[in-house]
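Notes to accompany the following structure.
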Amino acid sequence: MEIIEGKMPFMGYETHYRIVGRRSEKSPLVLLHGGPGSTHNYFEVLDKLAKIDDRRIIMYDQLGCGNSSIPDDHPELYTKETWVKELKTLREHLALRKIHLLGQSWGGMLAIIYMCDYHPEGIQSLILSSTLSSASLWSKELHRMIKYLPIEEQAAIHRAELTDTFTEPDYLKANEHFMNQHAIDMKKKWPECVMREKKGGTVAYETAWGPNEYTPEGNLHDYEYTDQLSKIKVPTLITSGTDDLCTPYVAKTMHDHIAGSQWKLFENCSHMSFVQKTDEYIAMLKKWLDAND
């Protein structure tokens, strides 16, 4: 299977991209990773979709992580405006006139911002994977789920938030337990691309989002797009897991506000259903993409 990797000049830095599959008449699928700062790595589990569907799959490391430039000495660059500009620049650089767009977690937020604020042309369809339209609802839902943790772990998280200290061992243990339950359990064995140590991303994450998933205090703290979702007019598929950080309430909120959207809930999956049920996810994507080319 053909894989091309390259670098794109961007704002005096470089953005690393990866293209899987050969050029065909079908519109390519562009993947937006989460974080901010999580890198494209885990998306490599979707590589075989390129062969199965004869379609190019394009992924990239957003500025601040992975094989792209990591200008951590300029954290003011880590904003939604920068990352939207990077996506627009990538489309121009690779001449991506018509695409399908999939955003996972923060990548879905980026896709929503792009669709609602910039009204791009050439988007054949949108896939919102385990993402959110409201930072406040997300935080509220995650704090609800924290109440299912053991009492001592709840207390450790509460103390950390109260004192704005997120380095104590008891907090770190509690947060790890929570993320293993609802993001992905890293104690299990996953494909190499999922287990691969990522480069950078911490400064981007803490600058834009915050110290953890449930304390959004970075520059995205006021991310509130639920009431703007009606601006999305392209075919939209929402995916999430039953044990996801993106709770069914979060997913249904997006589904209810995007006319004609579809929602697929993956049983016994958390924040990465495409990793936990890869074959089922790829089959779903193939059917969706072929129907909306």
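Glycine is treated like the rest: Cβ placed from N, Cα and C.
Because the structure is a prediction, the values reported are computed rather than measured.
For Ser105, the entry in Swiss-Prot reads active site, nucleophile, with the evidence type similarity to another entry. DSSP assigns Ser105 (active site, nucleophile) to coil in the three-state reduction, placing it in neither a helix nor a strand. Listed in sequence order, His33, Gly34, Gly35, Ser38, Ser129, Ser130, Thr131, Leu245, Cys246, His271 are the same-chain residues at least 6 apart in sequence whose CB falls under 8 Å from the CB of Ser105 (active site, nucleophile).
Note on Asp244 (active site): other Cβ atoms within 10 Å of its Cβ, all shown chains, come to 26. The active site feature in Swiss-Prot is assigned to Asp244.
What Swiss-Prot records for His271 is active site, proton donor, and it gives similarity to another entry as the kind of evidence. The Cβ of His271 (active site, proton donor) has 24 other Cβ atoms within 10 Å, all protein chains considered.
Annotation comment: Swiss-Prot describes 28-277 as domain 'AB hydrolase-1'.
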